[in-house]
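Student: Here's a structure for you.
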Amino acid sequence: MTVVIGFEGSANKIGIGIIRDGEVLSNPRRTYITPPGQGFLPSDTARHHRAFILTVLKEALEQAGLKPADIDCVAYTKGPGMGAPLVTVALVARTVAQLWGKPLLGVNHCIGHIEMGRLITKANNPTVLYVSGGNTQVIAYSERRYRIFGETIDIAVGNCLDRFARVIKISNDPSPGYNIEQMAKKGSQYVELPYTVKGMDVSFSGILSYIEDAAHKMLSSGQCTAEDLCFSLQETLFSMLVEITERAMAHCGSQEVLIVGGVGCNLRLQEMMGVMCKERGAKLFATDERFCIDNGAMIAQAGWEMFRSGQVTELEDSWITQRYRTDEVEVTWRD
């Protein structure tokens, strides 16, 4: 039995999870929430993580019913993500590994999402749509790499939603994306927005600029409601994502789609992707907020796969990197 503890803190969630041979033993986390209209700054987020990380570590061990001696490996998020929060978590993981006398493993955040999705849904070899606050990529596995077939050329889809939420002062509790999703259910009028797909890639900055500029004019003149704008933004963004995912499926001859990342628990995105999959005779795999949203167990699961295939990170190599591409990692644990 191999037991791996995973530390995640690349954005506004601090999470620590423990995995034992495919079983999630514990997965507590805390979220840094800012007032409506505000984003989260790296320095403030790091301060939040420092305040809670030892409490969350204690919770993770207690919920799993384990002692440090029972852990075989300590995994942490190497990147991508926000610099200050990543450094905070990496320092604690390095310290814990040395105190406990355990091997250390730096994990790619995106691959953590993919491996957690594969574990929970039992998807075999899916085309992956990875959508979060910091990343938007269409990925498929080939020849020991997770290859990126399409991605955003500017901002991530989650960042687009978050920044729109700030414009119309939507609450950040529990998350701006979740609150936009709930408001969108009450929207009925579709407001046409720019639709920007460039081959296999997407662009969201123009849509954001357009809706930021138009929102106050349209709302103050009564042309539409805030709910209509939430509905329209979701429909447009998700249509673009479904289009590039379908194109990647056709290219790879794939009959499975796996949605991962924080935006992946949006039920409207799952519904739209499900319609496309049904038309192609394909299967859709998705998870809920326990495993879609950043969490420690996903880092533990990727670490478990890496550790079992013989990988470790030497202490002198245990840095972080804010830009860590999904396709930079050699996938030694898959055929």
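Cβ atoms here come from the backbone N, Cα and C positions, even for glycine.
Nobody curates TrEMBL annotations by hand; they come from automatic prediction.
When I checked TrEMBL for this same protein, it listed these features:
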type: DOMAIN; residues: 29-300; note: domain 'Gcp-like'
type: BINDING; residues: HIS109, HIS113, TYR130, ASP294; note: divalent metal cation binding site
type: BINDING; residues: TYR130, VAL131, SER132, GLY133, GLY134, ASP162, GLY177, GLU181, ASN266; note: substrate binding site
Student: On the Cα atoms of TYR130, VAL131, SER132, GLY133, GLY134, ASP162, GLY177, GLU181, ASN266, which are listed as binding substrate, what is the maximum pairwise distance in Å?
Tutor: 18
Student: For HIS109 (divalent metal cation binding site), what is the tally of other C-beta atoms lying within 10 angstroms of its C-beta?
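Tutor: A 10 Å sphere around the Cβ of HIS109 (divalent metal cation binding site) contains 27 other Cβ atoms.
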Student: Once near-sequence residues are set aside, which residues in the chain of GLY134 (substrate binding site), 6 or more away, have Cβ atoms under 8 Å from its Cβ?
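Tutor: Long-range Cβ contacts: SER10, ALA11, PRO80, GLY81, MET82, ALA156, GLY158, ASN159.
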Student: Enumerate same-chain residues with a sequence separation of six or more from ASP294 (divalent metal cation binding site) and a Cβ-Cβ distance below 8 A; give 'none' if the list is empty.
Tutor: GLU8, SER10, ALA11, LYS13, GLY15, ARG29, HIS109, SER132, GLY262
Student: Calculate the distance in Å between the alpha carbons (Cα) of HIS113 (divalent metal cation binding site) and GLY177 (substrate binding site), and round it to a whole number.
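Tutor: Just about 18 Å between their Cα atoms.
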